[in-house]
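Please read the structure below before turning to the comments.
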Amino acid sequence: MPTARSQKEDYYQVLGVSRNSSQDEIKRAFRSLAKQKHPDITKNAADAEEFKKISEAYEVLSDPQKRQIYDSYGHDGINASQQGGGFGGFNSSAFTDINDLFGDLFGDLFGGGSSRGQSQAQGTNRNGPGPNYLKNIVISLADAVLGKKQTLNLNIEVACDACNQTGAKTPQDYVTCNQCQGKGSKVVTGSSIFGGSYRQQVVCNNCQGMGKVILQKCLKCKGNRFYLDNQKLEFNIPPSVSTGDSLRIKAKGGISKFNGPQGDLIIRVTVRDDPFFIRKGHDLLIDIPVSYLDVLLGNAITIPTIDGLLLKQQLKPGMQNDDEIVIPQQGVFYGKNHRGRLIATIKIKMPTKVNKNDREKFWSINNESKFMPNSEFIKKFDKEHS
């Protein structure tokens, strides 16, 4: 099941098929829906958006490798396989040319494999990299601020050594495609029911652009050209990461169909809320409860840091609630050797119960004290409203 979901509609639901449907069932469902919803056929512009959704779902589910990504990681996995990069972004990854979809549709309608009109094919990239895979992780605020070495156990795609990544049982079972003569693409032409002709170079649907077909599948990889190997991955989370940041682990993604470089594993970070610290830019904020006696007497208090240190700070007598103590170089790292501030906000706490002896002491202090803020307030109020 996917580990991450977006708000997009489930691709299987879009095509009206189950998750264990075969490739033939998926293709039949797509063609049936395409005939009903293609705007050039229905002459209804409102069907364009629906056909776009159908085509998008088919593009993913008709490709075994993309389908595996979608089944494992959902829409986020598909997005990541089109993207890449270090923290803050991804690089794009080649997806199947959308012309394949139109080739399937119009090939069924007109006996060819093309969309209408004149168009240049993009061709098949025989050196195309494998897809990038996405893994979401949740880390603590402390790990996000300070950085940490992380370990993950993941199933990683490994090129099959039994078949030399052909997917075939023996070399004799890996033969040249007789429909494209090993080119991986073919040109289809014909006349459409709308008038005019069409000519299109499309990826060969018999060999999926490989130029070769498998007669008998490899026993080890079952024709997939790779198998899954559980590996322990160690990587460093650098200091100062934020939710939504991502990092790339080279060559730990999907195996390329065309013997190109292996895709990358994209690690996307979510930072868990901390029960005590709040991050604000490069600063860290924390509320520090203190006794009313601490602020009256100017006692020393203890302030914890995100690093695990316990710092002693002397209060200034007479500090008020919500006054701040600013500690430099105890916040979030930035630049080469800089850190933000730790801002500790004083929260004065009053006792909810006072014993008899303490109450008598407070009465004695009260009778001698000239600090009467309420009386002073009433005098000012009466003066303004008399």
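Note: Cβ is positioned from N, Cα and C throughout, glycine not excepted.
As written in TrEMBL, here are the features:
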BINDING   CYS160, CYS163, CYS218, CYS221  Zn(2+) 1 binding site
BINDING   CYS177, CYS180, CYS204, CYS207  Zn(2+) 2 binding site
DOMAIN    10-74  domain 'J'
DOMAIN    147-230  domain 'CR-type'
ZN_FING   147-230  zinc finger
Fewest other C-beta atoms within 10 angstroms, as judged across CYS163, CYS177, CYS180, CYS204, which are the binding-site residues: CYS177
Helix, strand and coil totals (DSSP H, G, I; E, B; other) for the zinc finger (147-230): 3 helix, 39 strand, 42 coil
Cβ-based isolation winner (fewest other Cβ atoms within 10 Å) among the binding-site residues CYS160, CYS207, CYS218, CYS221: CYS160
Cα distance (Å, whole number) from CYS218 (Zn(2+) 1 binding site) to CYS177 (Zn(2+) 2 binding site): 18
By Cα-Cα distance, the member of binding-site residues CYS180, CYS204, CYS207 nearest CYS221 (Zn(2+) 1 binding site): CYS207
Cα-to-Cα gap, CYS204 (Zn(2+) 2 binding site) vs CYS218 (Zn(2+) 1 binding site), nearest whole Å: 22
Tally of DSSP helical, extended and coil residues in the domain 'J' (10-74): 50 helix, 0 strand, 15 coil
Output field, Zn(2+) 1 shell: CB within 8 Å of site CB centroid, site CYS160, CYS163, CYS218, CYS221 dropped: ASP161, ALA162, ASN164, GLN165, THR166, GLY167, ALA168, LYS217, LEU219, LYS220, LYS222, GLY223, ASN224, ARG225, PHE226, TYR227
Remaining residues near the recorded Zn(2+) 2 site, that is with C-beta within 8 Å of the centroid of the site residues CYS177, CYS180, CYS204, CYS207: ASN178, GLN179, GLN181, GLY182, LYS183, GLY184, SER185, LYS186, ASN205, ASN206, GLN208, GLY209, MET210, GLY211, LYS212, VAL213
Alpha-carbon spacing, CYS163 (Zn(2+) 1 binding site) to CYS207 (Zn(2+) 2 binding site), which is rounded to whole Å: 17
Integer Cα-Cα distance in angstrom, CYS218 (Zn(2+) 1 binding site) to CYS207 (Zn(2+) 2 binding site): 16
Rounded Cα separation (Å) that holds between CYS207 (Zn(2+) 2 binding site) and CYS160 (Zn(2+) 1 binding site): 19
